[in-house]
Amino acid sequence: MRIEALNTAPDATEVRFEEQIRPQSMSDFAGQKKLTDNLKVFITAARKRGDALDHVLLSGPPGLGKTTLAHIIAAEMGGGIKITSGPLIDKAGNLAGLLTSLKKGDILFIDEIHRLAPAVEEYLYSAMEDYRIDILLDSGPASRAVQLKLEPFTLVGATTRSGLLTSPLRARFGINSRLDYYSPELLQSIIVRAAGILNIGVDEDAAMEIARRSRGTPRIANRLLRRARDFAQVANEASISLAVARRTLESLEIDEGGLDDMDKKILEAIVRKFNGGPVGVASLAVSVGEEQDTIEEVYEPYLIQVGYLARTPRGRVATRLAMQRFSYPGMQDHGPLFDHNS
């Protein structure tokens, strides 16, 4: 499988780590069983017909395995993969260069596809539907359009904000799948597997402690595993024990529920500064000193999932659970409150 990374690369250490532990097949991919079972069927059928796989849209919070699935799809279809992201394709010409370089059966993976420029997105429509693009030669009165045929390919788009996709783009994906947060038990198995590949000793109860505080996210679980390894090595421990895991998590200020410092700042701001809400996300971002997009894409989904936050037409509102935990003594409750399961 050919891999060409066109996006801004992470640091070398992160790349080596991800390459070492990345599952190589659908069978190796932990969790998301219904999604992977369906993809196995679609891939097998496409290969039997000798066709390119239908275009695939993968949505869900960051760190759940969308990029890994794109690599697995490429491997199981027997093609190469080109990797880029929506913000990097700022001109139709850039997209044309990518599309014309694809070979039959290749995968084009576009991360953050919801951030494609409108002109670039429209250029993608004919490529997805008919495997062709129109290129404008020259400019002014002498300009003319030339149609180029493309090799059959599969576009795999990944998004953390599926609601921002336009209807015409969404309609062109034949396969639309959403990834959900992982259970602590699944994350524990992912941690144990990664530790085995990296030759890191980890006790089962330590792996579960890390899993419980990983926000249901494999990327976070693997990152915390690496940090726990650091603490174990500095303490001259042969493996990551429960005590080492807890010391690591406490040092990183990650609480029993997986909330980190920014999670707590967000909830404390809503509860204490805005009296439980509602508050607009722009005001909230200014209050905690974080980018609005980061709050919406990284922090909010998990806080909603675990019942601390609710979205309403008027803004973000702390649930009763959040009010009980983050209210200061003597604080009065005003405004609408939501039970965590409402």
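Glycine is no exception: its Cβ is also placed from the backbone N, Cα and C atoms.
In this view, Thr67 (ATP binding site) is surrounded by 21 other Cβ atoms within 10 Å of its Cβ, with every protein chain counted. The ATP binding site annotation in Swiss-Prot covers Ile21, Arg22, Gly63, Lys66, Thr67, Thr68, Glu129, Asp130, Tyr131, Arg172, Tyr182, Arg219 and rests on sequence analysis.
As annotated by Swiss-Prot, Mg(2+) binding site applies to Thr67, with the evidence given as sequence analysis.
Taking a C-beta cut-off of under 8 Å and a sequence gap of six or more, Arg311 (DNA binding site) has these contacts in its own chain: Glu300, Ile304, Val317. Per Swiss-Prot, DNA binding site is recorded for Arg311, Arg316, and the stated evidence type is sequence analysis.
According to Swiss-Prot, the region 'Large ATPase domain (RuvB-L)' annotation covers 1-182.
For the region 'Small ATPAse domain (RuvB-S)' (183-253), the predicted model reports an average pLDDT of 92. Under the heading region 'Small ATPAse domain (RuvB-S)', Swiss-Prot lists 183-253.
If you look up Swiss-Prot, you'll see 256-342 marked as region 'Head domain (RuvB-H)', on the strength of sequence analysis.
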Site diameter for ATP, Å, by largest Cα distance between Ile21, Arg22, Gly63, Lys66, Thr67, Thr68, Glu129, Asp130, Tyr131, Arg172, Tyr182, Arg219: 37
Fewest Cβ neighbours within 10 Å, where candidates are the binding-site residues Tyr131, Tyr182: Tyr131
Separation of alpha carbons, Gly63 (ATP binding site) and Arg316 (DNA binding site) (Å): 24
In the chain carrying Gly63 (ATP binding site), residues 6 or more apart in sequence that have Cβ under 8 angstroms from it: Thr217, Pro218, Arg219, Ile220
